[in-house]
Amino acid sequence: SLALFFPPSGEELPPDAAICPSVIHLLPFTDNVPGEDHQLSEPSGIFVERPESATATKGKDITFVAKVDSSNLLRKPNMKWLKGKWLDLGSKAGKHLQFKEVYDRNTKIYTYEMSLIKVVDGDAGGYRCEVTSKDKCDICTFEVTVQGRCTQQAKRHGDAGEDAGDLDFSALLKKREKKQKVVEEVDVDVWNILKDAKPCDYEKIAFEYGITDLRGLLTRLKKMKKVEPKKSDAFLKKLEAAYSVEKGKKIHLMVELADLNAPIKWLKNGQEIKPSAKYVFESVGNKRTLTINKCNLSDDAAYECVVGEEKFTVFGGILLSDGRGMKDGVELNRETAGSKYRFKKDGKRHILIINEATKEDIGMYHALTNGGESKAELEIEDKELEVLQSIADLTVKAAEQAMFKCEVSDEKVTGKWFKDGVEVQPSDRIKITHIGRTHKLMIDEVKPSDAGDYTFVPDGYALSLSAKLNFLEIKIDYVPRQDPPKIHLDTSGTGSKNTITVVAGNKLRLDVEITGEPAPTVCWMKGDEVVSEAEGRVRVESTKTLSTFVIEGAEKGDEGPYSITVTNPAGEDKRLTFRSYVDLPGENSSSVSTLFITCELPYVLPPGYLMERKKVGSSRWTKLNFDVYESTTYEAKRMIEGVLYEMRVFAVNGIGISQPSANSKPFMPIAPTGEPTRLTVDDVTDTTCALKWRPPEKIGAGGIDGYIIEYCIEGSDQWVQANEEPVGKNQYRVKGLPMGEKMLFRVVAVNIAGRSPPVTLSQAVTIREIVENPKIRVPRNLRTKLIRLVGEKVNLVIPFQGKPHPVVTWSKDGVLLEDKTVGIRTSHVDTIFFIRSAERTHSGKYTLSVQIENVSDSADVHIQVIEKPGPPVAVHVAEVWGFNAALEWKPPKDDGNCEIIGYTIQKADMKTKDWFTVFEHNRRPSCTVPDLVMGNEYFFRVFSENICGLSVEAGISENTAIVGKTGLSHNRPPFKEMEVNCSPKFTAPLVDRSVIAGYAAAISCAVRGYPKPKIIWMKNNMIIGEDPRFMIRNNQGVLTLNIRKPSMFDGGKYSCRAINDLGQDEVECRLEVRVVQEKGVEAKK
């Protein structure tokens, strides 16, 4: 990686400093200096092909190749490419400088390539490649010349000479008179060009138009591009665009509010955050702070602060990146990426996150670090659409509803419906819905023209779902209906029984309802005279079901007997007889003349009713019908489920409306539940079928009282209820089914409101048990030998499968198991082997056999019951010599039903009789006991050991070991005085350092020598005196030189010299002081 070096904020360049726009000062990011960090071995000539000096053309590419023979090398060679004397090019790998390494296994030759991409003037100079492998090395130098180089060459100041290249500007500095810095006036068109150009082109444009003040150029561009932030009424200070925090640390998100009393909410990915030990809310004045403790990767999310309808979002989390990224040659970083790209670091892993990837994000991505480059190509494919539920063929009758339903994996996908290749358009009868992932096509009142092939095509996908709609036409032979005629007349509201009173001069209108099939013929008569149906004062108006007798302006002559006769082919009805009297008042009379129509009629109900309802506790009544309702039974609709209502009824006839009835008792409308879902077959036998289903999606206030299961033979519509009482569980086994028949099943949910719509199996089920071969599923822990201690429980559960139910048998060592201490329990799916208290006699091989007819399966279980072993026998001391005793014994008679894994030997002397362990886990039945005390008598005991532990008793030795006293003499070697005088020698050398300016630094080494040597510290071969910036320490030969707040002038070569009377020694190192660019930028801001 490369860093552009600019003077720190507040510092001015010397007035006599010349600036060459085509030269960039490169600063290495490595801590050690290549070429000087260690001394190389003598060149050994392991290069097969060396890079040659070459002349490169400016703007072109050039490649240098070196080959190394590794057939005589012990390990892989290490190659370094250097420029000048010390510049390591390995840390500069990137787009401009690329390295490649290839290994040929046949010839064992490594090929190394260094490529300069688009050569510039700064690439000219001396280069060197070094290859090292343990104690072998080889060096090759070559020169690179660039055609058309700038005549002004900047040469490095120091001892490097020609190898320094073009990295120093000291040759360009000339002594001249100081003058005030003048900022060049640039044409407005130049700034417009810079404003629209990319940052990587700023230097080229500035050089073209003669702009030398690069810092002023960048400052002015920044002010031109500054956008006035959107002002907020609720927030005085908003959240930043993004935050970063190290893993395990805490972070504070703070906003300032305009209203001190305004309530706020903190959201994480749209979900409200509750206060806890992890999330801490603070409120100080108008500041609101969210503290996230112990941040981890799960805290990487979008956080929002909401005040009323105004909110601000921040993308935060464990965001840390030390490298740079590029896409198609364009650099991506925190400042330019915005919210589209996010950078994360987890340990050594660097992650680039692309939010909401689209086709525009396709390209080549590069990750650039100071150690090299990595790249990868991003390809984006369309997400495959998955069909969760396809549409099925339908067969419907006339006037029924047909519904096609499908479900896809993406709820945002839209689509179109087609019938026989023509797009279906929604109408009053055809409805198309899209709710979530479900698409529906509903056709009400199906007609024969609706039959055809229907297809659903999702938009943007090469996919289609098809089904067929079959129209079932039902033919009905019409037989004409014949009902005898009948007359219905109600005169209860006109006066006394069989009397109709009409004021003289008023109008009389008598409506008589008639019924009969076919429509009867009506004849009105006054006495023996037929009343004409023509228009006139006395006339008859007839419809199909109603005959009306009308008298306009009643007169005295209208009195008389009236009758009505209705006839049709099925019969005749003549039940009405009228006699009328009309009296007209005289001039001086105050009586009222009336018309009396006398009739003998049975009592009939009022013509109709009006209904009203209201909620309990409310005074507002709502009409349920505006037209007169004739029946005495009415079904109220459009009520809210779970709300109490009251109702009342009004009677209506030709005179008017009656008083309302008393209010009904409060009632609560409860609707049936939705249909159960996911009905499946769980198991089938010769006479039974087990079903499973899920509760309805919509249950309502009435809840679910249970389920009713019904079945019928395929092709029949005679459904038989399988259970007498509703089933509370979501599964049921239907019994008593005919074997071999194909049956259909359906399930209905029941509550207080009634039955729900049924859910029916899509296919018929054949009632016949499926034969499944027996199979034993031996658990993994039983596939090896099962070891238990004496007295422990043994409980084995071994599952198996097979249909019909298999026969299970257990045997031990080939004999049928009849031991009463062993319990066996077998179910339809597994068998249990149980021993309450294990004994050694229970050890052996147990065989489980599962058989169905002539097919069987078996499995072996090995059980070993063990206990502690007995003591060893025949323990005796075989031999005693010196301070050692040889001990031998024989294995125990009882090994505890398992292998003896070792012995433990203990000793005790006859005086104290205290036991001390000599050996543990001794494998052999013999041992040699060492380190016995002279003059003591010892006896021994041995414990045997198996996987249960040591034996309870020990085998005591039959004899003892007596260690006799013998004469001993010790000849000491002559004492030789050690020579301690030596010349100074550094045991730990100085190490090259690279430090940051302004931070304390220290270099240290270690020296030994006698007499104590004199220490001299030097910088650039000049002795460091009593300079207060340097502090020298010597602690037991460890020498330390502390430098307080080093600056650029403190860099150079430091050496330490140790001198005494016997000689001297010296070590040296190079100290580099770096100035970090970011600090200068922050200070400027």
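The backbone N, Cα and C atoms fix where each Cβ goes, glycine too.
Lifted from TrEMBL, the feature list:
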DOMAIN    43-145  domain 'Ig-like'
DOMAIN    229-315  domain 'Ig-like'
DOMAIN    383-455  domain 'Ig-like'
DOMAIN    485-577  domain 'Ig-like'
DOMAIN    580-673  domain 'Fibronectin type-III'
DOMAIN    675-770  domain 'Fibronectin type-III'
DOMAIN    774-862  domain 'Ig-like'
DOMAIN    871-966  domain 'Fibronectin type-III'
DOMAIN    984-1072  domain 'Ig-like'
Integer mean pLDDT for the domain 'Ig-like' (229-315): 81
Residues of the domain 'Ig-like' (383-455) by DSSP state, where helix covers H, G and I: 3 helix, 37 strand, 33 coil
Secondary structure content, the domain 'Ig-like' (774-862) (per DSSP, counts of residues): 6 helix, 53 strand, 30 coil
DSSP-assigned states of the domain 'Ig-like' (984-1072) in counts, ordered helix, strand, coil: 3 helix, 58 strand, 28 coil
The domain 'Fibronectin type-III' (871-966), counted residue by residue under DSSP: helix, strand, coil: 0 helix, 51 strand, 45 coil
Summary of DSSP states over the domain 'Ig-like' (43-145), given as helix, strand and coil counts: 7 helix, 59 strand, 37 coil
Helix-strand-coil residue split for the domain 'Ig-like' (229-315), DSSP-based: 3 helix, 42 strand, 42 coil
